[in-house]
Amino acid sequence: MATKLESFKVVEKLGVEKGEKGKMMSKKKNVKKDGDESESGFWFRFKFIFSCISSRSKVDSSMNATAVIAEPKKVIEKLEGHPAPTKDTGCAESGSSTPLMSGELKYSSKLRIFMFNDLKLATRNFRPESLLGEGGFGCVFKGWIEENGTAPVKPGTGLTVAVKTLNPDGLQGHKEWLAEINFLGNLVHPSLVKLVGYCMEEDQRLLVYEFMPRGSLENHLFRRTLPLPWSVRMKIALGAAKGLAFLHEEAEKPVIYRDFKTSNILLDGEYNAKLSDFGLAKDAPDEKKSHVSTRVMGTYGYAAPEYVMTGHLTTKSDVYSFGVVLLEILTGRRSVDKSRPNGEQNLVEWVRPHLLDKKRFYRLLDPRLEGHYSIKGAQKATQVAAQCLNRDSKARPKMSEVVEALKPLPNLKDFASSSSSFQTMQPVAKNGVRTQGGGFVSRNGPPMRSLSSLNLPQASPYRYARQSPKPKGKEP
């Protein structure tokens, strides 16, 4: 778990994630932009705590069993000239307060029902030291409970969990909370994060998950100093593909995930990938229908173009999103990065002309790998990405086909760094020094780093690591 000081440095450095969410709402304007570190960590924390406490004070304390829902932050920017349909056929989004009725929750014998005070004790009173991070739903705290019960236990014993609290003024709300329970509470697979249980007490809404010690894929790809080794990247891609394949083809009732991205792929201690955050998930159409019509929701840069333009949602929309994430894994670049030169800001459009070029594909690969990747594996992975990103949704493969294509890749050992043909493929700079992965290297530069998969740092499993107010409740 990231330390408190490290967590706040991450927030100060990153601020609003560039290009990932499309247009951010005005309430985010106080968050620092990338690279702006003019404020001290103490002043940043003070401002954040004060603003969160102020927002909570606005909530009517007389509310009972009502979730205050803010405008969702996951609304996709509508393409100019192609407005999304206004008709909504039951998408999982929030636009107004929704009364909670017990009938809205699907019964699941797999879930534990927690008391608020038990979770308060399990997280050590939601103290800052237990904070893992914050997302659109609210703040997430580390806690410890009984292995097979709901009572809190001493830190370091029992079952380690991640407790997600609903922020009444947050960017996701009641419908997302329900969707998370109704989907994850009834879906069990090694590639899905396990939902342990939930708390629904007065106006408190909390979710309890298994703890994922390695954090998110996003954190490892874009925020860590050491790069993920090639074999680990392929292992993660395969695991995430298995999760989508289960949702689309193996679940009793097929599910469209709708929010597949690197921040929603969490990693356990062995770097096994698991999908999290089912707040935007929807039931897939039955055999009589070709698609689900819904308002466009998701994250800019990952959504399939036909979905953004028409609002028609299918399992092939998830396949496109997988192709984007696979590109991020291969290149080490974000799906949208406004800090890059024109022509390179949109990852898909930048790589599309080169995906099937066997003589130039290596230029797309993350230069931090320094040639430590399988040549055959990289060629196959780029081919799979190209198929998933096909503009014709019907031509995209099923996720089960993607799984079969990726299965051999983590174990291939034909590393480019030991290939003489790879060395001759590298472009030569003006000073006569060959480059790797499209970047220049020094003649007397340091030797290649060891990319062991066993010594990478752990990370918080949630997007933002910020100090946060405690959920409302009486002191014990």
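Heads up, the Cβ atoms here are built off N, Cα and C, so glycines get one too.
Feature annotations, courtesy of Swiss-Prot:
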ACT_SITE  D259  active site, proton acceptor
DOMAIN    126-412  domain 'Protein kinase'
MOD_RES   S263  phosphoserine
MOD_RES   S293  phosphoserine
MOD_RES   T294  phosphothreonine
MOD_RES   T299  phosphothreonine
REGION    431-476  region 'Disordered'
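Overlay of Swiss-Prot feature records on the structure.
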residue: D259; record: active site, proton acceptor; Cβ within 10 Å: 23
residue: S263; record: phosphoserine; Cβ within 10 Å: 23
residue: T294; record: phosphothreonine; Cβ within 10 Å: 23
residue: T299; record: phosphothreonine; Cβ within 10 Å: 27
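Secondary structure at S263 (phosphoserine), taken from DSSP and collapsed to helix, strand or coil, is helix.
Confidence across the domain 'Protein kinase' (126-412), taken as the mean pLDDT and rounded to a whole number, stands at 92. In this structure the C-alpha atoms belonging to S263 (phosphoserine) and T294 (phosphothreonine) are separated by 23 Å. Rounded to a whole value, the Cα-Cα separation of the residue listed as 'active site, proton acceptor' and T299 (phosphothreonine) is 7 Å.
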